[in-house]
């Protein structure tokens, strides 16, 4: 479909490192993709979003299942608040690796990032050599042909698109000060403006016709810069296919992988261009911040079971809340669209940039072990409970912090996120849970006759408090004889850990996938993913062969690669 561009068009060319070069030389000095004519065009209002029902999961995990009597679902305000944590419904794509959609370019299907929520703190860690000209920064420009010839293998540079306008203004990174002033950008937040800018940028095919393929973005909230990434790949591992710090030698690609860090890059936010399709939606639809003072839980048997009570939960020891946040993103069960197998030709030439669709490549739809919380156990040790169960209720714990794989480490709303209406204060985890006793009376769940407990949910100090209390006298007659040994665990409005008593919970927990007893997962936090068992999909995909000019024959060398932008940027 050809996009009808409205407004002034600007012809752009690939970035040049030297302004004095001749026209002939600059044709070879631009982005190596010059020959491919895969370029960008500003999207116009009639341009379809390209969200394909065949490639994007539309089926969300239902929050209302087994929620009879759940006060977090009965109250409209609370139900709306809890639904934002349903990443299957609101994000609809991979998180660790997001390649959730397929788009056709020149008769071939390619995969693109497609998630609808920003991924806070996500960055790509490069394993280039620790020597010039390598900088191990994925936000560096993609390499020019000249830069590659000077460095040799592995490739230098990073993933950033390096096109410029005739006036010399770079397309990426683009200053937020300019996006704020631009009438084409309607978003109300800095992050939304960057996402919208990415959504208005699409690839062109070899005939200079607009496609529907869009590129991911990274917003740097510290520098207020919007990066458009020309490389959609997010993970490449294995010494047969890529090198780590130059070993093994002579491989075209260096290895790289998505990361979140305990101490660094919290100001970077990775997202697909589709966050910008409705650039203000993420403010209320996505779990952008961590939730302080509560454990995620699932409503069953008339009470809220936090993740430590679910049989398929993974529990690991951590030294800090930040490590639990990292684990929520990097654990082996998190939603990922990474393909299952490596192509045999991945090192045949230096041309792997766009992910190529293959039949064995998964579309996770956002389903995965995307949820977790930090808590302190009865011995005083910090623990991280990880689950694939979408939370539909909360258990009070003043020492706990609940995380999602998409959200930030921050327990407050970042100051650069502003509401659509400036007169309205942006919601925080605290204000979102406010209640009044007259409108939120005490409610009780059904009696769990095994534990002889029922859940009491009430409004205390303007906050929802969920605690476990004894069943009524009549209900206690139906409880087992050992009730006294496992009851009475609610202290000061905080539900303690050992609701099932002792260590029997972990002794009985089974690994859902293998059907055998599961380990307690009490090992120390490991920052090196290579020391752990990789998920089956931790493999690369074949990518666009036409990025490098040598991959195509009979490439037209007349004229430059063009970028068309609606209006002035």
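Just so you know, the numbers here start at 1 and follow the chain as drawn.
Cβ atoms are placed via backbone N, Cα and C, with glycine included.
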Inset, instruction - If Swiss-Prot is the reference, give me the range from 463-483, 484-504, 505-525, 526-546 marked as transmembrane segment. - result: 484-504
Legend entry - Spatially closest candidate among 384, 393, 479, the listed disulfide-bonded residues, to residue 286 (disulfide bond) (Cα to Cα): 393
Legend entry - Local Cβ density at residue 324 (disulfide bond) - other Cβ atoms counted within 10 Å: 28
Inset, instruction - Would you mind pulling the DSSP three-state label for residue 447 (disulfide bond)? - result: coil
Legend entry - Densest Cβ neighbourhood among 117, 194, 447 (disulfide-bonded residues), 10 Å radius: 194
Legend entry - In three-state DSSP terms, the structure that residue 304 (disulfide bond) belongs to: strand
Legend entry - Cβ neighbour count within 10 Å of residue 226 (disulfide bond): 25
Legend entry - Protein Cβ atoms within 10 Å of residue 286 (disulfide bond), excluding its own: 24
